[in-house]
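One structure is given below, encoded as C-alpha cells.
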Amino acid sequence: MVKSHIGSWILVLFVAMWSDVGLCKKRPKPGGGWNTGGSRYPGQGSPGGNRYPPQGGGGWGQPHGGGWGQPHGGGWGQPHGGGWGQPHGGGWGQPHGGGGWGQGGTHGQWNKPSKPKTNMKHVAGAAAAGAVVGGLGGYMLGSAMSRPLIHFGSDYEDRYYRENMHRYPNQVYYRPVDQYSNQNNFVHDCVNITVKEHTVTTTTKGENFTETDIKMMERVVEQMCITQYQRESQAYYQRGASVILFSSPPVILLISFLIFLIVG
C-alpha cells in the first residue's frame, strides 16, 4: 500500500513539473449561451397570429370553411373563428386573439426577455485600473496629484506659476503601459492628450490660456505623466511577477506536496 502511494506521488510530481505554464491562465469563456442577445426563439411569429393556417373548403353547412353553423370558419358559436366564447379568435378570455390566458393580442405578454445585467467583473476591473474615459478612445483618468513645484528660470515665471497653478490640471489621461515600448512614448502621448483635453474644456467655460500658460502646463503635466508611468509600471510588473511565481514548476511541486499531505 505504501509503495503504491509513493509511486502515485512520484507520477503526480513528474506531471506537475512538466505541465504547461499556460494551464494556469484563465481561459476566456466561449461566446453565446443563454440570454446572450439575439432571439431565443427565431422561428416564432408574432404572438397574435393564427396558430393554424386557414383551410379551404368546409363540410356540410359550412359557407366559409368552418364547422357546422360556423359562418366564418370557427368553432361552435364562434362568429369570427376562435375558441368557445372567443369573439375574435384567441385563447379563452382573449378578446382579440393570440397570447396566453388574459393576454389581449400583443398586450401584457408573458415570458418577456429580461434586461441585460451589468457585468460586475468589468466594472471592478475598470475601477481598479482607473476611470475609463469613453469619449477619448480608451484613455484612463489617473488619480489626483499635487502639482509639482517647478522653477522656470526667472522670478516672473516662477511667481506667475505659483499664482496660476490652480488653473492647470492635477490629473492626467493615459493608456495602459503595456501599449508602449518605453517611458518616452507613454509620457509624450500622456502630455498631448491631457493638455489638449484640459485646454478645450477650460476654453469652453470662457477661460483662455496664454502661451506662458501652455508652456507651464506642459511642464507640469510632463512631471505628472512621469509619476503616473512609474506607478503603472510598478503595478504591472508586480502583477506579472505574481503570475510567473505561481506558475513556476517548483511552486507547483510545493503546492502539490502540501495538498498531498493534507489529503493523505
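Note: Cβ is positioned from N, Cα and C throughout, glycine not excepted.
Residues or ranges marked as signal peptide in Swiss-Prot (evidence: experimental evidence): 1-24.
Annotation comment: Swiss-Prot describes 28-119 as region 'Disordered'.
Taken from Swiss-Prot, the feature repeat '1' applies to 54-62.
The region '6 X 8 AA tandem repeats of P-H-G-G-G-W-G-Q' annotation in Swiss-Prot covers 54-103.
Here Swiss-Prot flags 63-70 as repeat '2'. Across the residues of the repeat '2' (63-70), the predicted structure has a mean pLDDT of 45.
As annotated by Swiss-Prot, repeat '3' applies to 71-78.
Annotation source Swiss-Prot lists repeat '4' at 79-86.
Residues or ranges marked as repeat '5' in Swiss-Prot: 87-94.
As annotated by Swiss-Prot, repeat '6' applies to 95-103.
Residues annotated as disulfide bond in Swiss-Prot: C190-C225. Secondary structure at C190 (disulfide bond), as computed by DSSP, is helix. Long-range C-beta contacts of C190 (disulfide bond), restricted to its own chain and to partners at least six residues apart, with a cutoff below 8 Å, comprise V172, Y173, Y174, V221, C225, Q228, Y229.
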### Summary
Using a 10 Å radius on the Cβ of C225 (disulfide bond), the other Cβ atoms enclosed count 24
